[in-house]
Amino acid sequence: MLFNCFGILALLQILPALAYPPCREQMSDPYEFGESDLMRPGMHDTPLSLMQKREALAISLSKRDSVGSYAPYNVTCPSDYMLRPASDGISSGEQSFIDKRIPKINTQMRSFISNTGLDVDVNSVINDSDGPRLGLAFSGGGLRAMVHGGGVLNAFDSRNGNGSSLAGILQSAMYIAGLSGGSWLVGSVAVNNFANITYLRDNVWNLEHSVFAPHGDNVVENLAYYDDLDDEIDQKKDAGFDTSLTDLWGRALSRKLVDATQGGPNITFSSIRNQTWFQNADYPYPIIISDSRLEEEKAIPANTSIFEFTPYEFGTWDNGIKAFLPMEYVGTHLKNGVPPDHKCIRNYDNAGFVMGTSATLFNTFLLEWSQEVTSNSTLYDIIHKVFEKLSEDQNDIAPYPNPYQNFTTTNTTVKNPFERFDTIDLVDGGEDDENIPIWPLLHPQRFVDVIFAVDATYDDSNGWPDGSSIVTTYERIITYNANKSVDVRGFPYIPDEDTIISLGLNTHPTFFGCDGRNTTAGNHTVDNNTPPLLVYFPNYPWVYYSNISTFTMSMNDTLSSGILENAALSATQNNSDSFAVCLACAMIQRSLERKNMSTPSQCSSCFEQYCWNGTTVNNPSAVSNYAPTVLSASTTSGTSSVRAKPIVFYLFASLLTVSLLL
């Protein structure tokens, strides 16, 4: 059993009961206890009967007989050299998907733009493989980000028949990327045959119960649940692989996100390729990202390597490596691209483990917590001992056998940061403060023309985004593109957070980079190397307060419906037909510029209204004073002022303790 991992988690859950040191996003909001997070009062104090223990074990064993194994296994490698240089462009598999998807995108986008009434010859703008390419990017932010992003995605989806003015945008997109809570959204739709959000919410996500207590106050079912988790992780450990908190986290998440018995212990991310929607290229190509952390690091540097998981490949475009491993062989340790003894690993890319990797919040939580707790010396000592142990044991990360050991790239100016390590340690995709997965959509080989960046980040003390995620991406490009450690096409100019808040750029969708000749790439003729136009969709209380804590792990129907509705109305600007026209303008702008076609007068008006015009504001108090209120009354039942109740961490400890006694 994973006594180390469970013991650490148990201690983490108990500590908040002793004191309430705030996380960064909870400075003004102490832990609240909600009924949806609680099990029956006093449950953990009541001794379990022998009958209850036996019943839980019987349930657990019966379920295990019907599912596959979580354990990775050895296979013979398909070739002696397993890495693909990224200088070749995107993989042949991704290219094949894109080639199949282009005609479908062109048809859908022509239909969407025609339906908006935009006065443009859509057949001239969208007629070949050089037509507009749209990428969707969904931020991190736990369950808040998943449900908010789901509301936006629902508004973009033409399958719903809900009269959304933006219906068809999903079907018009080439890529869809997610990190952390956004990876739960992207991963869940991709793994579940791209089911729509209504189906997932009603049948899969089980939002009313916490991932830590999925069966509410049913003691026996919850004990069986933890016994199943323990058994699955032991399968991987017994097969000879390192395990970490992320295995536990990923298996628990899978039961919320994957529509299969026990969350599909043997369902892999690469198996998405076998699903009907993917084989037909009916929906955008999914990408999940995660940050790397070197063994000696406790904090994530701004220039950390960003890794991506796709149905075909795992790797990074950063110039220190710039090479990819086939996704189905993730978990294979390579030396200079060659597998020892011709042995490769399969089944390591478990879908839940991948989503858990992108959302490994534990080390950020611990780091900030350990820095905040100073008033109680005993508590301070306990927390720091736990923190030091995690750092030493690397249990706060997701360990991946290193495919880049002793690997040397063709780029002689940047060193491979992982060349001496046996494992690559991956952490939450937002820990570098780039909390929207824009990065994978900026690579020249993907030719993305416009990015819709959906931001549900908890930036300020009140829980609303202030634009810092796109500011950080902009700063990374300015800093590291210059020294050639990264290779992207550039980015639109982005103002600082003071300006974003002072000008209200985070209160509605805002366009950046409307003029393709005025970006970080310089004043050049617009072509396929021009940086994309960015449409920023911030979370904002249009009809509902959706600024719940990242550590909220359950929602009742009123709350989830309120967040979904608020997200849709905020994204569509109250289902505005005129805003749909403006989004159509953003979608085709780079194509118009490339083809040297004139901008329609409707688009000129749109750009005056929604594009940042370059104005900056020096207002240091803007961020701290930002506290928006709802614009109008919600049509959702209940009140819009309902706040979510974050998970009661210490109850998880009691469950773990009891389950370990089985």
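Even glycines carry a Cβ here, placed using N, Cα and C.
Copied from Swiss-Prot, the annotated features are:
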DOMAIN    76-617  domain 'PLA2c'
CARBOHYD  ASN162  N-linked glycosylation site
CARBOHYD  ASN274  N-linked glycosylation site
CARBOHYD  ASN303  N-linked glycosylation site
CARBOHYD  ASN376  N-linked glycosylation site
CARBOHYD  ASN406  N-linked glycosylation site
CARBOHYD  ASN411  N-linked glycosylation site
CARBOHYD  ASN483  N-linked glycosylation site
CARBOHYD  ASN518  N-linked glycosylation site
CARBOHYD  ASN547  N-linked glycosylation site
CARBOHYD  ASN574  N-linked glycosylation site
CARBOHYD  ASN596  N-linked glycosylation site
CARBOHYD  ASN613  N-linked glycosylation site
SIGNAL    1-19  signal peptide
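Of all Cβ atoms in the shown protein chains, 8 besides its own fall within 10 Å of the Cβ of ASN596 (N-linked glycosylation site).
Per Cα geometry, ASN518 is the residue among the glycosylation sites ASN406, ASN411, ASN518 nearest to ASN162 (N-linked glycosylation site). Among the glycosylation sites listed (ASN274, ASN303, ASN406, ASN547, ASN574), ASN574 has its Cα nearest to the Cα of ASN596 (N-linked glycosylation site). Residues belonging to the domain 'PLA2c' (76-617) score a mean pLDDT of 91 in the model. ASN274 (N-linked glycosylation site) falls within a helical segment according to DSSP. Around the Cβ of ASN613 (N-linked glycosylation site), a 10 Å sphere holds 8 further Cβ atoms from the protein chains shown. Looking only at the glycosylation sites ASN303, ASN411, ASN547, the densest Cβ neighbourhood within 10 Å occurs at ASN547.
Here the candidates are the glycosylation sites ASN274, ASN303, ASN518, ASN574, and by Cα distance the one nearest ASN613 (N-linked glycosylation site) turns out to be ASN518. If you take the Cα of ASN411 (N-linked glycosylation site) and the Cα of ASN303 (N-linked glycosylation site), they are about 17 angstrom apart, rounded to a whole number. Of all the glycosylation sites listed here (ASN274, ASN406, ASN518, ASN547), ASN547 has the Cα closest to the Cα of ASN574 (N-linked glycosylation site). Within 10 Å of the C-beta of ASN162 (N-linked glycosylation site) there are 13 other C-beta atoms, taking all protein chains into account. Cβ neighbour count for ASN406 (N-linked glycosylation site): 14 (other Cβ atoms within 10 Å of its Cβ, all protein chains included).
Between the CA atoms of ASN547 (N-linked glycosylation site) and ASN303 (N-linked glycosylation site) there is a gap of 29 Å, rounded to the nearest whole number. Counting other Cβ atoms within 10 Å of each Cβ, the lowest count among the glycosylation sites ASN274, ASN518, ASN574 belongs to ASN274.
Ranking the glycosylation sites ASN274, ASN303, ASN518 by Cα distance from ASN406 (N-linked glycosylation site) puts ASN303 first.
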